[in-house]
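What follows is a single structure, written as structure tokens, with notes after it.
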């Protein structure tokens, strides 16, 4: 009885994988591939053509994870599902269609170089070895247990094309050895990946080929060979023109010249941060001829002493203008402080108060107006038109208000913010919108994933969900506008904490976050109230960690955050509200100001309805997946919960002491 397989494949490696399955006697039930993109230079073999030659059914669905395709694949009842350089992630329901295993062939020695374009990245980074890995597919990309690997050496003269040929041959050898064993045994031993060694690299774009002459010559040489033909090439501006470098060599000397200075034109040799680069081949502009380095020097008029500079770079660089509505709020004031530490930003902010930003108002690149977003619409529209990036941070985000003032929550959080989003559409401005972990509602996933987790809320009579659905609806509106060209990023904070989170006065009327309420009880000597026993778990994130992630989203290196949703939370800092209260108490008792406050009055368990009123409903856990944050902005949180609690407690105790001083 033959072994049945469904194959997802593209590129040369896809052809190699499919041919290896045929050679090993597998029955190919169906093949899924991609239609070639006319904008992409097609230098590789065609899976579709190979299928046609063998009479194999081939498909190119836009979404292979669509229930219709999953159902069809399930009916095929494959023993195995294989993925060979297929460019879309296969979901759990699709992978479950394989009776024995779902396996992927990845072009690196996992766990290193997970992600996109590993052959290019290993060259960029100057590696001397890579390889191919056959591994089990799991929900996370390239993270499943390893079935087989084959190593490939990288020579100093390898380019992306020659290395791809080596990887293609290695893949053929590995599959020739592995596939017959797999068919005979049904399973092969698999070794879990060592997560401590894992690295992830994202998609490369033509813009990544920009040459920075301040870097060492060896680093630039590695970039050039990583993106030379058939890829778009490494390039640099020369005056108003573009020089694409196809081939080069390294000279260890720079003759003492500044980076970017032409040392000679025969050969064309340019000083770098360390050493110099000899350009041996390239072209002028995207449609120019392939020329030698010496002819390029003549084409561009380069002589010894010339500077490889972009005219635009010679002019002063304008700071990025960032509009923050709700600048006095918890995120707004911390974000402003962080961006002002970087001289690349100019902040324009509006809020109805200014107590949290007084420390920033004297800074030359900080501009503040006191105002209400529902009233000062002309000022807002003008500044959206004027600025580059817009962050509408104004919202009611305290749970008691969801049941106490649901219409006000909807009016402010949805209606007023929708106006701002539409101004961003009108003036083609990038919007970075604060979604919320609340949108996941009662999702049952162990870790909430931005792209796959269902957003589940309670019945209409549970009004606490009005905040969640207001935010979710705006997320969906922004996403829809994004399909029509709006530049956006949605970020979802998971229980950020730190100084200036709230005010004790807000806690006194119940309109604050959980930790502020707990601290107020300690300050006033009243029992700490644990709603429904405090068993609910949350993942608490230090505001310093959170703001660093947000700053990277604003920076948006290589446009990686465009059109993305990014959870910003710390899954390692999960604690129940009771545990939060207990740690607060421990640090409170040890604090130098402890003697100024009443004795601890104990914990008291209360029902949620008596605390929040009718219409409240809670969730047991809220744990983020931060894979998107890791791969898109290279972010992982690092501050432990106990440190965050200590900083937050200290801030509020000092606020309480200041209140006492004012009353004297």
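Even glycines carry a Cβ here, placed using N, Cα and C.
Taken from Swiss-Prot, the feature active site, proton donor applies to 106 (among others). According to its DSSP assignment, residue 106 (active site, proton donor) is in a strand. All protein chains included, residue 106 (active site, proton donor) registers 26 other Cβ atoms within 10 Å of its own Cβ.
Under the heading active site, proton donor, Swiss-Prot lists 622 (among others). Within its own chain, residue 622 (active site, proton donor) has 437, 440, 448, 494, 495, 537, 538, 539 as residues 6 or more apart in sequence whose C-beta sits under 8 angstroms from its own. In the three-state DSSP scheme, residue 622 (active site, proton donor) is classed as coil.
The (6R)-10-formyltetrahydrofolate binding site annotation in Swiss-Prot covers 116, 138, 139, 140, 141, 142. Long-range neighbours of residue 138 ((6R)-10-formyltetrahydrofolate binding site) (same chain, six or more residues apart, CB within less than 8 Å of its CB): 95, 144.
In the three-state DSSP classification, residue 437 (UDP-alpha-D-glucuronate binding site) falls within a helix. Sequence annotations record features per position, and here Swiss-Prot assigns UDP-alpha-D-glucuronate binding site to 397, 402, 436-437, 464, 495, 529-538, 616 based on sequence analysis.
Look at Swiss-Prot and you will find 1-308 tagged as region 'Formyltransferase ArnAFT'.
Per Swiss-Prot, the feature region 'Dehydrogenase ArnADH' maps to 318-664.
Per Swiss-Prot, site 'Transition state stabilizer' is recorded for 104. Listed in sequence order, 82, 83, 84, 134, 135, 136, 137, 142, 144 are the same-chain residues six or more apart from residue 104 (site 'Transition state stabilizer') with CB atoms under 8 A from its CB.
Residue 142 ((6R)-10-formyltetrahydrofolate binding site) carries neither a helix nor a strand DSSP state and counts as coil. The 10 Å shell around the Cβ of residue 142 ((6R)-10-formyltetrahydrofolate binding site) contains 23 further Cβ atoms across the protein chains shown. Summarising the annotation, Swiss-Prot assigns site 'Raises pKa of active site His' to 142.
Straight-line distance linking the Cα atoms of residue 529 (UDP-alpha-D-glucuronate binding site) and residue 139 ((6R)-10-formyltetrahydrofolate binding site), rounded to a whole number, equals 39 Å.
In the structure shown, the C-beta of 538 has more C-beta neighbours within 10 angstroms than that of any other entry among the binding-site residues 116, 140, 529, 538. Taking the C-alpha atom of residue 397 (UDP-alpha-D-glucuronate binding site) as reference, the shortest distance to any of the recorded positions 106, 116, 141 belongs to 141.
Applying an 8 A CB threshold to same-chain residues 6+ apart, the list for residue 532 (UDP-alpha-D-glucuronate binding site) reads 605, 606, 607, 608, 618. Secondary structure at residue 535 (UDP-alpha-D-glucuronate binding site), as computed by DSSP, is coil. In this model, the region 'Dehydrogenase ArnADH' (318-664) carries an average pLDDT of 92. Within the set of recorded positions 106, 116, 140, the entry lying nearest in space to residue 535 (UDP-alpha-D-glucuronate binding site) is 140 (CA atoms). For the pair formed by residue 116 ((6R)-10-formyltetrahydrofolate binding site) and residue 106 (active site, proton donor), distance between Cα atoms is given as 10 Å, rounded to the nearest Å.
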